[in-house]
Amino acid sequence: EMTELLFNKRLQVLVKNRDTDERRSFIRISIELQPSSNPVHRKDLVVRLTDDTDLYFLYNLVISEEDFQSLKVQQGLLIDFTSFPQKFIDLLEQCIFEQDKENPRFLLQLTSASSAFDHSPSNLNIVETNAFKHLTHLSLKLLPGSDTDIKKYLATCLSTVKEEKQQLEQKLRKTEEDLTRQLNYAQQTLSEKSRELDKLRSEWTSQTTSLSSRHMQDLTAEREKALETQARLQQQNEQLRQELESSHHRSTQQLQTKVSELETANRELIDKKYKSDSTIRDLKAKLASLEEECQRSKQQVLSLRRENSTLDTECHEKERLVNQLQTRVAVLEQEIKDKEQLVLRTKEVLEATQQQKVNNSVEGNVESKQVQISKLEAAVQSLSEELIKANGIIKKLQGDLKALAGKIKVKNTVTVSQEKILQETTEKLQREQRELQDAQQRLRQKEEEVMKLKEQLDATVQKLDESREVLKTNENVITWLNKQLNENQLSRKQETLGMFETPAAGLRTGSVPHNMVINCCHLKSSIKSAKRESHLSSSFNPFTSCSLGEPVGLDSKYFERRDDSIPLRGLLPSMHLNRAKPTAPTASAYFPAV
């Protein structure tokens with residue numbers, strides 16, 4: 001059979017010897033079951049104490065079944081040898097659980113009678129500390145390891161370290177192989193991905209060149225479409241402005257009403273908060289008063305308990321004195337009986353002597369007997385007097401004992417009533433504490449609601465400011481579009497037919513604004529983004545480049561395609577004429593048509 005390891009852990013042990021002070025150190029305790037050399041008993045229990053920092057520190061204890069029987073008789077154990085290891089391990093686990101506490105309930109002590117832990121046996125004690133005394137559950141006497149035991153222990157430690165080293169080396173080799181394999185795979189995938197990246201770059205460059213040429217063609221077509229949509233936009237501007245004004249007016253009114261509602265709700269919440277604060281203060285005052293009452297009742301209970309204990313001690317002393325007096329009375333009664341028997345015998349002897357008085361002349365003996373009889377009668381008289389006194393003392397002590405018993409009953413009733421009052425006050429205190437916690441939780445919820453309402457109020461105010469800025473920028477756009485339309489109508493009257501052939505030259509010389517080209521290049525993306533809600537920038541400038549293809553300030557319903565739209569002519573020639581000075585961007589730069 002192999003050795004079975006049951007327990008192997010480091011525990012905090014209180015070490016003390018004859019000359020040095022107590023100190024705490026961590027000692028490893030191992031418990032094993034090994035095959036026994038005795039054929040009658042199968043296994044022996046081995047307890048070993050070692051120190052990881054000091055390899056020469058070794059204490060052993062081998063417990064067979066015969067040793068356990070003697071240990072059981074010496075220390076009054078109630079378990080057998082089979083359940084002893086598990087109970088011993090349970091006690092050690094209790095010590096581990098309590099060792100980090102400031103005042104542990106279970107602790108381990110290693111004591112030695114010598115000045116140092118060298119070659120003398122030591123005792124391992126498991127001590128439970130309670131309010132009355134230090135109770136030793138188990139005390140084991142361990143012997144220090146000899147040189148051969150230390151060598152065996154060091155050899156086992158070395159073998160375990162070598163086994164762990166071999167396992168770690170095997171694990172390290174395995175991890176190195178896995179990492180090299182993963183590295184090769186990663187390098188291979190990296191080379192493949194780099195080749196794919198080069199291929200995609202070449203495809204991307206070809207696609208970009210084709211798309212740029214196609215976009216240039218689409219640019220010219222879309223420019224013509226933008227001229228057609230300009231007239232339609234001019235007709236829709238007035239209607240759009242009116243609708244925007246009405247919608248913004250309605251939204252501002254709604255926001256103002258919402259702000260007023262939020263302000264009223266905020267005031268109500270603040271009032272509720274003040275009320276809850278006042279209730280919390282009242283509850284705190286009640287709690288303080290209840291705590292004071294509880295403290296006073298506790299002090300009264302303690303004083304009553306002390307008085308009860310003193311009365312109990314007095315009662316026990318009185319009972320002991322009564323028992324002593326009763327025994328003394330019994331002894332005196334027995335002595336009286338003996339004296340009476342002696343008197344009877346002396347009387348009999350006296351009668352016999354009186355009968356023989358006639359025949360014998362022994363008057364001197366009779367007188368001596370009478371003297372003895374008188375002495376015995378005096379002794380009996382004194383004993384009877386002492387017996388009467390003892391009976392009186394016993395009756396007095398019994399009366400005192402009854403009075404003390406009555407007082408103890410009264411004290412017990414008062415103590416019970418005080419404990420009931422204390423229990424009621426503690427329950428009331430717990431209820432008040434629960435109510436206080438509920439009130440604090442409700443207050444925190446109300447504060448969170450107030451914060452949320454404040455955030456909503458700030459958001460609504462911010463949205464109101466943004467809507468006002470959007471309304472202002474929309475008005476600026478409308479005025480600018482009207483101005484551009486008037487300028488285009490004036491310039492169209494002065495055009496000639498030969499000017500329609502020069503838009504390409506105007507583009508080459510840079511008369512068309514750069515933002516117009518960018519918007520036309522990103523026409524498809526602007527069509528998709530026109531469906532989403534958008535706002536104009538607060539710092540709008542019609543002569544600066546806008547965001548790429550993003551509709552500015554207008555709803556998507558005004559960008560629907562209409563077949564009956566009338567194209568506007570003459571915008572490109574006007575750009576060609578004003579090539580030296582860049583003109584303002586047309587409506588297509590801000591409102592791409594579909």
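Note: Cβ is positioned from N, Cα and C throughout, glycine not excepted.
The feature coiled coil is assigned by TrEMBL to 419-474.
For 192-202, the entry in TrEMBL reads compositional bias 'Basic and acidic residues'.
When DSSP labels each residue, the compositional bias 'Polar residues' (203-214) comes out as 12 helix, 0 strand, 0 coil, counted as helix, strand and coil in that order. Look at TrEMBL and you will find 203-214 tagged as compositional bias 'Polar residues'.
In the predicted model, residues of the domain 'Spindle assembly abnormal protein 6 N-terminal' (6-142) average a pLDDT of 85. Taken from TrEMBL, the feature domain 'Spindle assembly abnormal protein 6 N-terminal' applies to 6-142.
Here TrEMBL flags 147-176 as domain 'SAS-6 coiled-coil'. Under 8 Å from some Cβ of the domain 'SAS-6 coiled-coil' (147-176) lie the Cβ atoms of residues 48, 50, 55-56, 58, 60, all in the same chain and six or more residues away from its ends.
Feature annotation from TrEMBL assigns region 'Disordered' to 190-219 (among others).
Residues 457, 460-461, 463-464, 467-468, 470-471, 474-475, 478, 481-482, 554-555, 558 of the same chain lie 6+ residues outside the region 'Disordered' (235-260) yet bring a C-beta within less than 8 angstroms of a C-beta in it. Feature annotation from TrEMBL assigns region 'Disordered' to 235-260 (among others).
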